[in-house]
Every structure is written in C-alpha cells, then in structure tokens.
Amino acid sequence: MTPPLEKSSVAAVEQLARDAGAVALRHFEALSTVPVESKGHLDLVTAADQDVERFLTEGLAKAFPEDGIFGEEGAAHQGTSGRTWVVDPIDGTFNFVRGGDQWAISIGLYEAGQPTFGVIFAPLRSQILVGGIGLASTLNGERLAQRSGLDSSRASCGVGFHPVIPVELRLETLRFVLEDAGMSFRCCGSATLSLIEVALGQVDGYLGIGESSWDLMAALPILDQIGIRSTVDWKNTDLSSKLRFACGTPEFLQAVAPIVDFGATLEP
C-alpha cells in the first residue's frame, strides 16, 4: 500500500503552490503585456504558463531531487524514485487570458500507477485544496464533507472538451446529459475548477473528453478521500494520453456510463 506523504512534504508542496500563484498573479495584473501563443485553435499558452511551470519544476526538483516531473508546457524529468510530480501551471489558460477567475495551479503526485496526492490553488478565488492517500482532504484548512448519492431532482454535471474534440461528440455528450441522464450541465473551461465544484458539492460529477493527466492528477486523490471516484484506468494509461473519463459519486458514474463508453470509441 502506498504510504501517505510526510507532513513536511505536504507543507512544502502547499507553499510551493501558493508561491507559484504569486508568480501567476504578477502576470495577471499586467495581462495586456503578457505574450500569448497558440498551440491550436482556442488552445493558448502564455509566458505566465511557462514561468509558473519553470518555478514549479525548480521547486519540486529542489525539494524532491529523486522524483520525476511531468508538466503541460514540456517539463519532463524521469527521476529514480518511482514517483512523478504532474503539474499544470495554469489550468484554464483561456480564462486567464480573458481576465477571468476560473484558473488554478495544479500539482499532483503519481506513484505506483495511481494519483496519490494533490494540491490545487485558485489564487483569485482564495481557494487551496489539499489531500491524498492517508490524508484528510481540505479546503483552506477545513475538512471537506463526504459526497454520496445523486438527487435526480437537482442533478448537475460539469463537462469539459479539448478544443480538438469534434462538434458531433460535444453535441451528443450534451444531448445525453440533458435528455438521457436528465441533468443540468456546467462548462467553466477548466477541468481543475470543475473538479473543485465536484468537491464542494456544487455539481454531482464531471465528464471530460480530451483532457490530459495534468488536468486531473491533483484533483483525483483529493476527491477520492471524500467518496468521489473516476473511471480512469491509470495502470493502463500513459501520462501523455488524452483522456475520456467521468468523475463523481458511484451513482453519478452509473448514470453517465453510456456516454463514457460512447466517447471512448472515438479518437479526439
């Protein structure tokens, strides 16, 4: 069984996330001058993403020199410990560029074929979530409530699509959520923020199509400790893979299983 992360390490990663948030905020406060590049249609990367990832990579390498690092903007270090830190410097870059508050720094630990620990920091919302194997999941130091069940009279589902996902699959997913599952839906443009909504009980679960490991590596171990599960088979999934998955209570996962299976037959 994977042991919990040491308290000193938990505190170090939490502080690193806060400090990385300060780096991101300096860019955000001078947004009109931040260089922005395109990785594809509606898929952006900024100097802020690159600077924050560099800051995170350097901090993690110093604190955990034997661990690997894998980041959205190209950070890659194999490591020798069997542990890998998976980072998204700014999840919700499009929102960041548009001046919105729906973005966050995400730091997750991958060990023994599964996500084991995570820290998420949403600076503009003053929210920091921490949790993992053997650790209580917390929001700003307060323990998160356990989540269970699915109330069909007020069911709600977060959804997220990578920009390359075909329109047909997006429309079929939304049709399924609205008609077959009978749920409302929300789409905020950040998997990490959507998964925070799951943690807080603001939605019952999340459907992601075309997401990447760095979008959810931090959130899943936090959610797992409060009764939220995901459909990702990590032991058979490469960290660089595009993912099609659901995350929620067991009842939510049962309700959305047909669309997860449908999505899994299509290439993003």
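FYI, residue positions are counted from 1 along the chain as it appears here.
Each residue, glycine too, has its Cβ placed from N, Cα and C.
According to TrEMBL, the feature Mg(2+) 1 binding site maps to Glu72, Asp88, Asp91, Asp215. In the three-state DSSP reading, Asp91 (Mg(2+) 1 binding site) counts as strand. In the structure as shown, the Cβ atom of Asp91 (Mg(2+) 1 binding site) sits within 10 Å of 31 other Cβ atoms.
According to TrEMBL, the Mg(2+) 2 binding site annotation covers Ile90.
Taking the binding-site residues Glu72, Asp88, Asp215 in turn and counting surrounding C-beta atoms within 10 angstroms, the largest count is reached at Asp88.
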